[in-house]
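Annotated Mg(2+) binding site per Swiss-Prot: Asn30, Glu453, in sequence order. Annotation source Swiss-Prot lists ATP binding site at Lys37, His239, Leu240, Gly241, Ser242, Gly243. Look at Swiss-Prot and you will find Arg122 tagged as substrate binding site. For Asp179, the entry in Swiss-Prot reads active site, proton donor/acceptor. Marked as site 'Transition state stabilizer' by Swiss-Prot: His211, Arg272.
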Amino acid sequence: MKDVEDIHRPMLNSLQSTSAKMKKIVLSVNAGSSSVKISAYSALFGQAPIQLAEAQISGLTAPPPTLRYTRHGEKVINDEEVKDQKVSTQADAFDILVKALIDDNGVPEISSKEDIAYICHRIVHGGDFVRPKLISDETYHNLEKLNDLAPLHNSTSLVIVHRCMSDMPKTTFNIACFDSQFHHTIPEHIRTYPINQDIARNNHLRKYGFHGISYAFITRATAEFLGKKVEDVNIIALHLGSGASACAIKGGKSLDNSMGLTPLAGLPGATRSGSVDPSLVFHYASDVGKLSPASTKDLHISRAEEILNKQSGWKALTGTTNFGTITAALDPSSSDTTSHLSPEEVAKMRLAFDIFVERICAYIGSYYVSLQGQVDALVFAGGIGEKSDRLRAAVIEQVSCLGFGPVDKEANETRVKEELDDSHDVIEIAPPNSKKGGKDGREHRVLVCKTDEQFEMARACAEDGEFWR
């Protein structure tokens, strides 16, 4: 006798086939400590999503909060102060953004919450999850446990996940997309820390790697630009922003990432120290093992975590988190805002810039050896990677001995600004070098990629048959 599933299988297959042909609305959500960003897409199963609108509220930790709203690539609201509405948490910001989307007559596809089929949440630390995960109550509780590994990173996202699970229609599926999942291919000898392995396993202590959603996008965009299959691409990718990392990608898969157990390891950032001698923090302050005043009942943050994550980086060196201010100070003629700086202040800016360049180049050299010189491209991405032509030029000059560069000045300074937009994901800023590396003689290209984590999450959802129901 056939079981119920066998009897209804043709009907289930027919329903799934019909569902695959229907356009659905996918919402990508990226929650940070001071901002929340959502992007709405129309998608068919197995096809690239089409963006309908994008909205962001910034300034949650530095009021007043401001709203930015874009429809079909055109700015509708540009950093307008949010008034007459409570905005004290990420969940509050999310509610306002969804309402703005629903109230926009220019996006008729979304007239109510019921029109949203999927919500993709960027979760920084996914532990041992190796692919996006449909969020059930059990999954949510597992993600809560990961807060111990990433209290400063996962908690903001889970606030919105909880709001969606309680307030959005039951027909809306919540999907967790993890920044760490791209790096599950890092080999054991690279991801393992040389500590007692029984303790390491019991406490999940190993390198995880992060910025993986961005690196997945960068890898696909670079492969398309080079006219290669993803599985044939070897690149050294740099995601450079207020949080920065480097990644060695071999055959389209992560071989190594500069971040580790948490995003703190590796490159310095706006407020992160990056990798330092582990004993440094114990000499820095006497209370590093105590809980930070920023801790709450459910969120335990040590003073050490607070110092190295929130009170370090180039802010500690210069007093600013804005890398653009640092680079402008090195070329006073380019900005009136830095002309008042004293020679001592300019020297601090120079030190921060030089430290960042040196650390980046150290990873490029290390990863070049890991890839045995078989590197298709060095790829810059992230806010700083996309915007700072001075940084790109300095890095390329220092790694020119490996066969990268020389920089095309016009491409680096002008074309990137003018052409790197939604229609151009990748711009080449140095011609293929005649010096070829590795046993297979690959040409070393230098590229700038406009990464898009929001799109990457929506794409992953649209291509996964498990979610498309």
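In case you wondered, yes, glycine gets a Cβ from its N, Cα and C as well.
Location within the structure of each feature annotated in Swiss-Prot.
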| residue | record | DSSP class |
| --- | --- | --- |
| Asn30 | Mg(2+) binding site | strand |
| Lys37 | ATP binding site | strand |
| Arg122 | substrate binding site | strand |
| Asp179 | active site, proton donor/acceptor | coil |
| His211 | site 'Transition state stabilizer' | coil |
| Leu240 | ATP binding site | strand |
| Arg272 | site 'Transition state stabilizer' | coil |
| Glu453 | Mg(2+) binding site | helix |
Review point. Out of Asn30, Arg122, Asp179, His211, Glu453, which of these recorded positions is nearest Ser242 (ATP binding site) by C-alpha distance?
Key: His211
Exercise for review: Could you check which of the recorded positions (His211, Leu240, Gly243, Arg272) sits closest to Glu453 (Mg(2+) binding site), going Cα to Cα?
Suggested key: His211
Exercise for review: Pull out the binding-site residues from the set Arg122, His239, Gly241, Gly243 whose C-alpha sits within 10 Å of the C-alpha of Arg272 (site 'Transition state stabilizer').
Suggested key: Gly243
Check your understanding: Of the recorded positions Asn30, Arg122, Asp179, His211, which sits closest to Gly241 (ATP binding site) by Cα distance?
Key -> His211
Study note, to complete from the structure: Within 10 A of the CB of Leu240 (ATP binding site), the number of other CB atoms across every chain shown is 26
Practice item. Write down the Cα-Cα distance for the residue listed as 'substrate binding site' and Lys37 (ATP binding site), rounded and given in Å. Key: 10
Review point. Cα of His211 (site 'Transition state stabilizer') to Cα of Gly243 (ATP binding site): how many Å, rounded?
Key: 9
**Study point:** Extent of the ATP binding site in Å [max Cα distance among Lys37, His239, Leu240, Gly241, Ser242, Gly243]
**Key:** 19
Practice item. Return the single residue from the recorded positions list (Lys37, His211) that has the minimum number of other CB atoms within 10 Å. Key: Lys37
**Study point:** Among Asp179, Glu453, the one of these recorded positions whose Cβ has the fewest neighbouring Cβ atoms within 10 Å
**Key:** Glu453
**Study point:** Closest of Asn30, Arg122, Asp179 to Leu240 (ATP binding site), Cα positions, recorded positions only
**Key:** Asp179
Review point. Near Gly243 (ATP binding site), how many other Cβ atoms are within 10 Å of its Cβ?
Key: 25
Revision key, fill the gap. Here the recorded positions are Asn30, Arg122, Asp179, and the Cα closest to that of His239 (ATP binding site) is found at Asp179
